């Protein structure tokens, strides 16, 4: 019964999304206040019914209702509760429902915060949100119904894919979707501005917090996915340039460019047309990411063609929104008035450069991901584009950008003084240089690029610090005054400094992977092996049981000299429901580095185990830096600027009746 | 998302192909000479496991990947250069085996594309900047006349026409 109600709620949500699409837009077009007044309640109602539908599916999962096909295929009664819940979005149908739920949440949030927004803009924005939601409601109802029943109801479910039964992957999809779908708000604002034919700094002020929020979530989502791949896939890599990873990196790069160009627009009323285009592109890339992953086109062009219903549907959605958005852009963008002027050497100029590099880096990922598909479709020739290609094209585009970040941060708006900036940064540069020399002198092995990479990280961190100190330090000021001034700086300044320092932290973590140590060996019980500065001893191989799996674990002790510093217990798990096996890495965190162990062959007569051991110094910095980036984004969006924007607008008398 | 789901299912497929799920490079494959082994590892990361989804033979646990790793190591021991080993594998399996496609007419767009985007962007910014500077720098005769008439007026009079459109646009 609950399941049918959930299905029905989804149909009602579709109806509401159509109302939301048509009526407020018509109201905005004809300047009819009553019709525009429909926008907010319709958005709230759409959110309510989408949430109800999602809760119904979650209830079916929690109650292990195997008469629902989706639950039967992806759940098992012995599964821990947390994974029953995360099972909802671990499959195609459920994850699309989560996608549209998050879209409805964003529409609801915009409606909630939008009381202060210009009426026509709000109506257009919510209309576009409604249209996107309508397309995905239709997609779910027509091709991917999560509420389909199975008769007769089986007694037991088939279980969740064991690789997905993991805390990292339980929260990775919602985070990633919050990012992907969050960019729909920027898209809707862009389309709204184009329809209205007006765009100004106020527009930028309204759209900026949403973009930052989406960007921060996407950053966390990607970092989470990367960490999951690192510890779950069993060979210790953290980024594979896999098409599914690239699908999330593309909107992130476009979103990063957008977050920067919006600042230019808000502060200086410049780069308007480009910001609108980026808003459309960021969400378009999110849609393309959804298409790539959901359609099966990545496996091969042929697998897409053999089961085309879903793929073709998403392709239609893609063509409609991307094509529609870009057509509208081409048609209406010339109407938009160009904004403020700036000298090439200025903060604006630096941000233009930032956008150019990010756009080119995004193009590298885009071309590299789609080229093999396009080439095969056109000529039938098969080529592979893998990590070596991306390293050869992406790095030359991103490293110059990173080198310039501290300079751009320090330049003044409108007309900058390059010489003055270099003087202000001389301390940061000098310290980073000395740091690089020290790293170079104290490390052994690894390529020359590694100390240089660490130096780049230092430069980014110190450059951000320098931005804070130079804004709070005045000659002769006491330490207390400086601290007070620093604390009094706008949150956006701190957010930017923390986010850029976070990039530096991640860069150091990436560079330090060059000093990693890898050992591949077959160990007998009691045998010891050296791993970088540590020694690892195999104690023995033991069988263990989990709630829904059996495991064979290799118990190992890690010593630093004579001192035991911890244990790693990598295992191989066989999941009862699917009789599939996964490798479970054993991790021991030492400072910011990790000892990483995975096991291959166990069960030999002499009790030996084939193991792969890594010492990964500073590896945690990769993800800690990403968390700092996201934190910087959130701090920046909580800035007073964003909060005072609303009251400033509310003062304007609106000829619109209250709701 | 199940962004990862696809990767995961690919991995599962790979795991099923290998009878016992393991990982890449097994202890018995490792060459005794560390320099040769390092070369083999570096080369392996550039070669695709042909039956896997987007995995190099260094990462993959599929039997075919193991075969290729062994071939690479045998050829390194026989003293062949990296280039010779690659071209041997390309002859045998096609261009598909290279994770970094070689530059050719077919892949020109792939290799040049990202940098073309950068250069194209720079060109657009430069041309746009020049055009706008010219627009702003040169005033038409009517604008010159308007400015002259404004300058002739008293400040009190000129204040209102200048400020009112601004307040107007703000509301």
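Any Cβ shown, glycine's included, is placed from N, Cα and C.
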For the feature transmembrane segment as recorded in TrEMBL, pick the matching range from A:154-173, A:394-413, A:534-553.
A:394-413
With the ranges A:73-92, A:273-292 to choose from, which does TrEMBL describe as transmembrane segment?
A:273-292
Look up transmembrane segment in TrEMBL and report which of A:468-491, A:492-515 it refers to.
A:492-515
A:249-266, A:375-392 - the one TrEMBL records as transmembrane segment:
A:249-266
Positions on the same chain near the transmembrane segment (A:394-413), where near means CB under 8 A and six or more residues out
267-268, 342, 345-351, 353-354, 357-358, 360-361, 364-365, 421-422, 424-425, 428, 456, 459-460, 462-464, 466-467, 470, 496-497, 500, 503, 507
Which residues of the chain, 6 or more past the ends of the transmembrane segment (A:352-374), have a CB below 8 A from one of its CBs?
241, 243, 246-247, 249-250, 253-254, 256-257, 260-261, 264, 271, 274, 278, 285, 292, 297-298, 301, 382-385, 389-390, 393-394, 397-398, 400-401, 404-405, 408
Lying 6 or more residues past either end of the transmembrane segment (A:249-266) yet within Cβ distance under 8 Å of it, the residues of that chain are 179-180, 183, 186, 201, 203-205, 207-208, 211-212, 214-215, 218-219, 222, 272, 274-275, 278-279, 281-283, 285-286, 288-289, 339, 347-348, 351-352, 354-355, 358-359, 361-362, 365-366, 369, 633, 641
In contact by Cβ distance (the transmembrane segment (A:492-515), the transmembrane segment (A:207-229); 3 or more pairs under 8 Å):
no
Along the domain 'Cytochrome c assembly protein' (A:89-295), what average pLDDT does this model show?
90
Where else in the chain does the transmembrane segment (A:492-515) make close Cβ contacts, counting only residues six or more beyond its ends and a cut-off under 8 Å?
238, 402, 405-406, 409, 443, 445-447, 449-454, 456-461, 463-465, 467-468, 471, 616-639, 641
